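Chemist: What follows is a single structure, and I will ask about it in a moment.
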Amino acid sequence: AVPEEAGAAGGGGRCGRGTDGAALRWCITGALCASFLGLGLSIAVLGPTFPNLAANVGKNVSDMYYIFVGRSLGCLAGSMVGGVLFDCMNATLLLALSMLGTTAGLYAIPWCKDYLLLTILMSVIGGSMGILDTGGNVLALNTWGAEAGPHLQALHFSFAAGAFLAPILAKMALVGSESEELSGAKKTNQSVLKSVPTASAASTTPAPEDHHDEDFLWSYIIIGTYILFISVVFFVLYSKGSSAKDKSKAAAQKGRLAKYHWPLVGLLFVFFLFYVGAEVTYGSYVFTYAVVFAEMTESEAAALNSVFWGAFAVCRAVAIFGAAFLSPATMIVVSLLCSAASSSALAFFAHYRASLWVGSAVYGASMATVFPSGISWIEQYTVVEGKSASLFVVGAALGEMCIPALVGHLQGRFHNIPVVMYTAFATSLITLLLFPMMYKLANFSQKKDLKEVSDSETSKALLSNSRLTEDEEDEENVREWNDADFDVIEMNDKLKNSLTDASCRIPGDSPAEASLQPHLDDILSDPPVVAGGSPGRQNGNVDWEKSE
C-alpha cells in the first residue's frame, strides 16, 4: 500500500506535526464538512422552489428543464477545470473562490426575471459545485492521508444532511410568508367591511399583493449568506498557510503513481457512473412506482421515498465511525452485496408491501457509503490527483444525467414494466462485477511495483557488494606489498650491518673492504619506497657509511 505520506504529495501537502498541525487539520475538516452541507443545501433547494422560480421568470414548470441541463453542464465543466487548477494552485484558495461564485449565483436568483439569465446563473452555481466536490475530496485525502476514511464519510454525510435540511428551510420560509399574508388579509377584510358595507363596493376592493413567491425565494439568500461565511473561513485557512503547494512533493508524487493508474481511474469512473445513476434514478422514480405499480396513496408513496433517503443519510452517519474500524474494501463489498440482495427483492418481489418497504430501506443504506469508500480505497494503491478526482465527479454527474433520462424514456414506452426496479437490479450486478476487476488490477499493479522495487534493491545490493569486494582485494594487495617491502628493508639492514662489521674488522684499505664497498653501495643506493616510510633515513645510513 502507498505509505501515509503519499497522500501528502497530491496537490495539497500534509499539515504540520504536533498540536498546531493537528488543530489545523481538524479545522480544515470542519470547514470541508460545513462546505458540503452548503453544497447539499444549494442542490436540494431547487426542488421545493422550482414552481416559484418558474413564476418569477414567467414560464411554465414544463419549460424550466433547461436550468437542470445548465446546472449539470456547469458541474461537469467545473469538475474538469477544478481538477486541473487543483494541481496548479493552493487548494483552500481555490475552494474559497468557488464558494464565492456559488454565493454570487444564489444572491442573484431572487431578483432574476429572465429565463436565459437564470440558466446562466444555474450554470455558474453548478461549476462552483463541481470545483468544490472535486477539491473537497482531494483536500481531505491530502490532509489525512491513510486516515482519511472517516473524514470522507463525514463530508458526504454533511452533503446528505444539507439535502435533508433544504426542504425544511424552504417550508419555514413558506409558512412565514403564508402567516404574514393571512394576517394581512384579515386586517384588510376588516377595514373594508367597516368602511364599505355594500357588496358592490367590496367587490371593487383590490386584492392584497401576493409576495409569496418573493418571500419563498429568500431561502436562496439565507443559503448564500451561509456559504459566504464558509468562504471567509477558507480564506482564513489560506492566510494560515494550510495546503501550501510543494513542488518537490508534487514531483515525487508522480513517481508514486501505480503502474496501471489510469486504467484503475477509468474503471472507477464507470463504477461511479452506474452507482450514482442507480441512486438518483431510484430516489427520483420510487414515488411514481409506488403510486402506479404498488397502488399506494400519495402520502404512502412520499413516506416510502423518505424511508429510502432517511436510510441513506443514517447509514452515512454510521459509516463515519465504521470507517475507523473497517477497511474501504470491506465496506464496499458489504454495500454491494446488500445492494444486490435488496435490488433483487425489489425487482422480483416488490408486489409484497413488506418487501417493498424493507427493500427500499436496505437499498438506500447500501448506497450510502460506496462513493467515499471508493475514493478511500483507490488512494491505498495510487495517488488521487486533482485530475483523477475530477474524473470521478464527472462519472457521477454523467450517471446522474443519463441513467434517469434513459429510465424515463423506457418507462414511457413500456408502461406495464417496472423499469426502475429492473434498472436497480442491473446496475447492482454491474457494480458487483466491476469491483473484483478493479481489485484484481490494483493488487496486480501493486505486486508488480513491489517486484520492480525488490529487483532494483537487489541489483543495488549486488553492485554494492561487488564494489566492496574490489575494495577488499585492493586493500589485501596493499597489505601484501607493504609486507614485502618491510621484508626487503629488514634484509638490507641485516646485510648492511654484517658488511659494516666485516669492514670494521679489516684494518686499512684491504682488498676485502675494497671489494665489499661497491657491493654495499649498490645494495643501498636504491632503497625501496614504502608507504609511510622515509627514504631519507636510508640516505642517512649511506652517508654515514661513506663517512666511515
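Positions of Cβ are set from backbone N, Cα and C atoms, glycine also.
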Chemist: Pick from 65-86, 483-504, 505-526: which range has transmembrane segment per TrEMBL?
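Modeler: Within the set 65-86, 483-504, 505-526, TrEMBL attaches transmembrane segment to 65-86.
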Chemist: Tell me which of 115-142, 451-478 corresponds to the transmembrane segment entry in TrEMBL.
Modeler: 115-142
Chemist: Of 314-334, 419-439, which range does TrEMBL call transmembrane segment?
Modeler: 419-439
Chemist: Which stretch, 93-109, 356-377, 419-439, tops the Cβ pairs under 8 Å count with the transmembrane segment (260-287)?
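Modeler: Stretch with the highest Cβ contact count: 419-439.
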Chemist: How about the transmembrane segment (389-407) and the transmembrane segment (65-86): at least 3 CB pairs under 8 Å, pairs 6 or more apart in sequence, or not?
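Modeler: Touching, yes - the transmembrane segment (389-407) and the transmembrane segment (65-86) meet the threshold of 3 or more Cβ pairs under 8 Å.
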Chemist: By Cβ distance under 8 Å, which residues at least 6 away from the ends of the transmembrane segment (65-86) in the same chain are close to it?
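Modeler: Here the qualifying positions are 11, 46, 53, 94, 98, 115, 118-120, 122-135, 138, 385-391, 393-394, 397-398, 400-401.
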